[in-house]
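Please read the structure below before turning to the comments.
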Amino acid sequence: DLYRKVFVFRKDPSDAYVVLRARLEQPLHNFTVCLRSYTDLSRPHSLFSYATKKQSNEILLFKPKPEEYRFYVGGKFVTFRVPEGRRDWEHVCASWESATGVAEFWLNGKPWPR
């Protein structure tokens, strides 16, 4: 449980990361990740990655530019274009359901169209 936990990367975080190891008791059928982030980076960067033994980025929340998010599941992705940030905290959630293949995205508590 990472509720109220903060990871701070003070220098260029191009090689900084945190590893959490979870043991699944059954196959993953649904997935939701929510996080708050703040950065002054304008270059592409990952916010979250879920790795499996076969794929290092099986689920990936990626920000290729300040006004865009990409949510990857199994190598396919959905792009969400957002207003360019005001250099403020952003709260994002991304969700995926295996039965329907539907991926959803929320920015600052609001569902985002795709």
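Using N, Cα and C of the backbone, Cβ positions are placed for all residues, glycine too.
Nobody curates TrEMBL annotations by hand; they come from automatic prediction.
Summarising the annotation, TrEMBL assigns disulfide bond to CYS34-CYS93. When Cβ atoms from all protein chains are considered, those within 10 Å of CYS34 (disulfide bond) total 11, not counting its own.
The domain 'Pentraxin (PTX)' feature in TrEMBL is assigned to 3-114. Residues belonging to the domain 'Pentraxin (PTX)' (3-114) score a mean pLDDT of 88 in the model.
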(message) With helix taken as DSSP H, G or I, strand as E or B and everything else coil, how many residues of the domain 'Pentraxin (PTX)' (3-114) land in each class?
(response) 3 helix, 48 strand, 61 coil
(request) Identify, in sequence order, the residues in the chain of CYS93 (disulfide bond) that are 6 or more apart from it along the sequence and have a CB within less than 8 Å of its CB; answer 'none' if there are none. (result) THR32, VAL33, CYS34, LEU35, GLU104, PHE105, TRP106
